[in-house]
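Asks: This structure is in structure tokens; I'll ask about it shortly.
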């Protein structure tokens, strides 16, 4: 048997009011639109990255580490204000996964917030073919900061975007913790953010693809273990495609 919906008195009153009052109609549309927008607003970074979460990573580094007093939650939260798209654009769970992915890669790159500078860099990381971002004589563009920013073609545009001379003063990344986190977030938003929905393995490939396809399985698996650990701490499933 087919049933039909019969509007109640309240429904009829609301429909009548909406039809006869543009203000009520506009307000209703705005409320519904805002609800839809908020449903894909991602995660609240400040609430997710608590003192306990951030300092829990640092606690794994020896007290002798230079990064122990350099990397702080306050510096991270100050830097994140310049990148409002981080951990946004999807569901809250997706936002938390991006946060877990970011810190898993950061923890791996820095030895759990131990290192500020790359240890024993084999080269100066100057690519002479990058004529748009020419190397400055005497300057070295080895890894620095949370994601170990490397190469002149990254220091140049990162500095331009953030507001410092990345080519002439690359050491700024190892001296100012807010700038340091900004360079990591700049690199992430430029190269990693868009591949996060493909799974954690895609973030590894974007940051250090040489670890993928058997290039360095041990290093790759360390990133995966950290990601799974942080996802568990944040109460979110890690998703699929974790390796590369």
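A Cβ is built for glycine as well, from the same backbone N, Cα and C atoms used for every other residue.
Automated prediction, rather than curation, is the source of TrEMBL annotations.
Note that the coordinates shown come from a computational prediction; the quantities given were computed from them, not determined experimentally.
What TrEMBL shows for this protein is this:
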- 109: active site, proton donor (ACT_SITE)
- 65-114: disulfide bond (DISULFID)
- 126-135: disulfide bond (DISULFID)
- 212-244: disulfide bond (DISULFID)
- 65-87: domain 'Glycoside hydrolase family 19 catalytic' (DOMAIN)
- 179-189: domain 'Glycoside hydrolase family 19 catalytic' (DOMAIN)
- 14-37: transmembrane segment (TRANSMEM)
Asks: Take the C-alpha atoms of residue 114 (disulfide bond) and residue 244 (disulfide bond) and report the distance between them in angstrom, rounded.
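Replies: The Cα atom of residue 114 (disulfide bond) is 26 Å away from the Cα atom of residue 244 (disulfide bond).
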Asks: What Cα-Cα separation, expressed in whole Å, is found between residue 109 (active site, proton donor) and residue 65 (disulfide bond)?
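Replies: Cα-Cα, rounded: 14 Å.
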Asks: Report, in whole Å, the straight Cα-to-Cα distance of residue 65 (disulfide bond) from residue 126 (disulfide bond).
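Replies: The separation of the Cα atoms works out to 27 Å.
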Asks: Provide, as an integer number of angstrom, the distance between the C-alpha atoms of residue 65 (disulfide bond) and residue 212 (disulfide bond).
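Replies: A Cα-Cα distance of 29 Å.
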Asks: Counting only residues 6+ apart in the same chain, whose Cβ is under 8 Å from the Cβ of residue 135 (disulfide bond)?
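Replies: Counting only residues 6 or more apart in sequence, the Cβ neighbours of residue 135 (disulfide bond) under 8 Å are 124, 126, 127, 128, 141, 152, 167.
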Asks: Tell me which residues of the chain lie with their Cβ under 8 angstroms from that of residue 212 (disulfide bond), as long as they are six or more apart in sequence?
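Replies: In sequence order, the residues whose Cβ lies under 8 Å from that of residue 212 (disulfide bond) (at least 6 apart) are 201, 204, 205, 220, 244.
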